[in-house]
Each structure stands twice: as structure tokens, then as C-alpha cells.
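Visitor: According to TrEMBL, the region 'Disordered' annotation covers 1-34. Per TrEMBL, the feature transmembrane segment maps to 49-67, 87-109, 116-134, 175-196, 216-236, 273-291, 311-332, 408-427.
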Amino acid sequence: MDEKDVSDQYHVFGHPKTPKPIDSDVRVEPNAPLQPENPVSTHLYKRRWLVVMLFSSYSLCNSYQWIQYGIINNIFMRFYDVTSFTIDWLSMVYMLMYIPLIFPVTWLLDKKGLRVIALAATALNCAGTWIKVASVRPDLFPVTFLGQATSSVAQVFILGMPSRIASVWFGTKEVSTACAIGVFGNQLGIAIGFLVPPILVPNVEDMDELANHIRVMFYITAGVSTVLFILVITVFQEQPDIPPTQAQAAARLIPAESSSYMKSILSLLRNRAFVLLILSYGLNVGSFYAVSTLLNRMIIMCYPGQEVAAGRIGLTIVIAGMVGSLICGVWLDRSKTYKFFMTGYLPLGFEFAVELTYPESEGTSSGLLNCSAQETKSTMCWSQTNWQCKNVFGIIFTICQGKIIDDFGTLAGNLFLCAFLLLGTIITDFP
């Protein structure tokens, strides 16, 4: 124990009640609900910051890969001799893989815990990067697609984690800030994915030189992902020995078999406020994903040869969202008010979902939110979000906007997305 116990109030999701003085010898019967009359000792460990920063780092490495092909779409088109739409699928595969896998992965998170999920995420991420290293030849597009698909599976083990790490490791007044830090890594990775590939892989004519540039980029990513995998093996801990809050102490007393995963999902989908959050979150974040995937195409169509400029524009979009994420995360910890937009929506969407759906699992609520975001990018469908995530909003957002851009230009494509952003804003304010 390297810090004094700072959790001196019984506190569950923003509702404090003053307990009796804490007795470190108090024990709670396994079947007895935790009440203010029988509090247990709580403690905040400095290690919590190491855990969340390590998570943020491997989330960064994974999200960087999502956009590393799309932001230099025209260069990879020429190198692999494929269409622009084919390169778009190297981004959309991240959305596609999430839909069927999020529910089994969330179940695994609930049953096996944080460490198993972290090991799976970093192992898959590392494997995907090394497969890409072996794909740097014009006739090996299927290999590079396999590497990207492997990394996209790793993403499924990452996106639902911030709220769980925050609740397991952090004190009541730190939960939203910790969640924001977790999401910050993902957003920073996308920012680097916009900025770095156009610099590392210039649009040169010589194919051998181009292959060398691509190889260097892939080797750097593989090296970083390998180091992070080793760090997770040696450093990442399942949970602190002493819980950080009374709420977590209570959660540890609930037997795993007492909660039904399907019952949890159905309970969430019966929650009207949460369903509205799914729709709002999906429309907003899905629009961001579509813009990110198609940004190179939009810029190069109007300004040929400006790959680096396209990357800087993408960087600007993400940096603005990152600043909003951090500011809103701190504000939420202090005020518990929930108004947010676009990438600033990410940590607040996770935390608001946890607030709305307590005592359901943080991983389940976050998973459904992310599933909605993937849906919004892929299927412009008006069916309600459901736990099968059969209709994938996100991929169709990308496909539809790409088709509109090709046929009618970038202005029409952007107006298409603006209409759905307006709808998402209206739903956010819906009573």
C-alpha cells in the first residue's frame, strides 16, 4: 500500500452517503448486500495510473493501424493495384469484425477479467503487425488484408475496456477522468495514423522505393506492438488487492454465476434512455469513422498530391476531439452533467452508459455503444439497434458516402453526413 486510503465515503455512481468509521477487520457475508452499516476498507494504488496508461498505449497502437491505409488510399491503390473501394475495406474491416465478436468478447471479459482480455488484445495486435511486415509485395494484398483483419479482431478486445478499468481501479471522483484517459489513447492513435503514414510513405513513382517505405512503416508498428505485448505480460494486473470504492467491494461479493449475460443485454435494451444513447452515439461517432475512412479520397479529388495535407486535416479533427474528451471527462467527474458531441462524445458516452444502466456490466453497456458506432458507419438502416447488431450502421455510412462522393462530389457527401449529425444531436437532447 503506497497511498493513504482516500475513499472515505460510501459512494455509488455519484450518490454519496456518509458511513460509520471504517474498520479494516470488518467482513461481509457473501450473500449480504453491501450497506453503509457494514463498509469495508478501500484503497487507491499508484499502480492504477500505470495500468490505465499501458492500456491507453496499446489502444493507441491498434487504432493507429485502423486508418494507416485509408489516409494514403491512393498510394496503396497503386502499390497493390486494387480499387479505392478495396482499400476502404481495410478500414471497414475494423467495423465489420466488431459486430459479431463484441458479445462473446464481452462475455469473456465478464467471466475471465481484465488481464485475459488485455493479453488477447496485445497478442492479436502484435500478430497482425508482423503479418503486415510479410505483405510488402504488390501481389500480396490478401496477406496485408489478413494482417489488418487480425488487428481488427484485437480492437474488439480493446474498445469496451475503458469503463471497466476505471471502475475496477479508480476512486469515485476519478472514474470519468480515467475513462477519458483510456479513450484518449485510442484517439491519439487515430491522430498519429492520420499524420505519420503520409510522411513515412511518400507518393514516389519507383515501386521498389515505395515498397521500402511501406516496409519501414510496418516494421515500426510491429516493434512497438511487440514491446507493448511484453509489458502487458509482465505488468498488467487483473485488479487491486483492496478495492478502490465501496461499490467495487460490493461487486466482488457477487458470484459470477449469479449474473446472466443474456439477461443483462435484454435489460439494457429495455432501458429507453440507453437505447436513445445508442442511437445518438452511433450516429455521431459513426459519422466520424466514415469521414476518417474517406478523407484521403475527398482531399485528393480536389487537391491532387496533397496526401500530407489530408493527414494534417485528419489530425486536426482528432486533436479537437481529444481536447474535448479530456475537458469533458474532468467536467463530468465534477458535475455529472452529460452533454457532448463527436469524438468528445467517446468517454462521456461510455460513462453515461454506465450511469444509466447500473448495475449492469460496464463491458456490456460499452460494447453495445461501440456496436452502435460500427453500425452507424456501415448500414444506413432505420431498424432499431439490437443485440445481434445485424444492421451495421457504420459500414453503410462509409459505403454510401463514398458512392455519393464518386457520383456527386465531396459537398454532397458531406451534406449527407451533416443530416445524420443533426439527427444525432436532436436525439441527444431528447427527454
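Backbone N, Cα and C define each Cβ position, glycine as well.
Whatever TrEMBL says is automated annotation, not expert-curated.
Quick one: where do these features end up spatially?
Guide: Among residues of the same chain six or more beyond the transmembrane segment (116-134), those with a C-beta under 8 A of the stretch's C-beta atoms are 55, 58, 61-62, 65, 105, 108-109, 140, 143-144, 146-155, 157-158, 161, 215, 218-219, 221-222, 225-226, 228-229, 232-233, 236.
Long-range neighbours of the transmembrane segment (216-236) within the same chain, counting only residues 6 or more positions beyond its ends whose Cβ lies under 8 Å from a Cβ of the stretch, are 50-51, 54-55, 57-58, 61, 64-65, 68, 114-115, 118-119, 122-123, 125-126, 128-130, 132-133, 135-136, 196-197, 200-201.
Within its own chain, the transmembrane segment (408-427) is flanked in space by residues 276, 279-284, 286-287, 290-291, 294, 298, 301-302, 341-342, 376, 397, 400-402, which lie at least six positions past its ends and keep a Cβ under 8 Å from the stretch.
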